[in-house]
Ligand code: AMP
């Protein structure tokens, strides 16, 4: 299992040291908008366990995380008017992981609109705030 860095960016978001556009939170899970969205409504669902990747979380914790993904994804899809939802999760740098705190991507997909490449650029804060407001209103 990979080592866990307690100062990674998502750990800082969990500690309230770095802001995020929060969509949902419970005792085990936090969901917020990706700061470099590949589609409108690109959301990250993270565990509150100190798990670097899929292999570092307890089965119970993984169940809770995926239950939140399952509950949020269709609501986010509807909120942004998408036609489908891509769920992605990367383990290890070789597989495309850049933040080593377990997270699941929810990517609402609209017919005919291609996915932007990973980490192409930061979204405008105002645009993210508007998207977050729209999604929160539908949860
Ligand atoms: P990955 O590790 O490749 O599965 O993806 C990490 C994701 O975290 C990328 O899509 C980044 O755009 C996103 N990201 C990095 N820093 C932040 C942040 N401070 N707030 C929200 N999303 C972030």
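From the backbone N, Cα and C atoms, a Cβ is placed for every residue, glycine too.
Predicted automatically and left uncurated, TrEMBL annotations should be read as such.
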Query raised in the report: In TrEMBL, which of the ranges 91-95, 96-100, 101-105 has the motif 'Histidine triad motif' annotation?
Result: 101-105
Query - DSSP residue counts for the domain 'HIT' (9-116), split into helix, strand and coil - result: 34 helix, 26 strand, 48 coil
Query raised in the report: Same-chain Cβ contacts of the motif 'Histidine triad motif' (101-105) under 8 Å, 6 or more residues past its ends?
Result: 4, 8-11, 34, 42-47, 49-54, 56-57, 65-66, 69, 86-89
Report summary line: Averaging pLDDT over all residues of the domain 'HIT' (9-116) gives 97
Query raised in the report: What is the Cβ neighbour count of residue 103 (active site, tele-AMP-histidine intermediate) at a 10 Å cut-off, with all protein chains included?
Result: 23
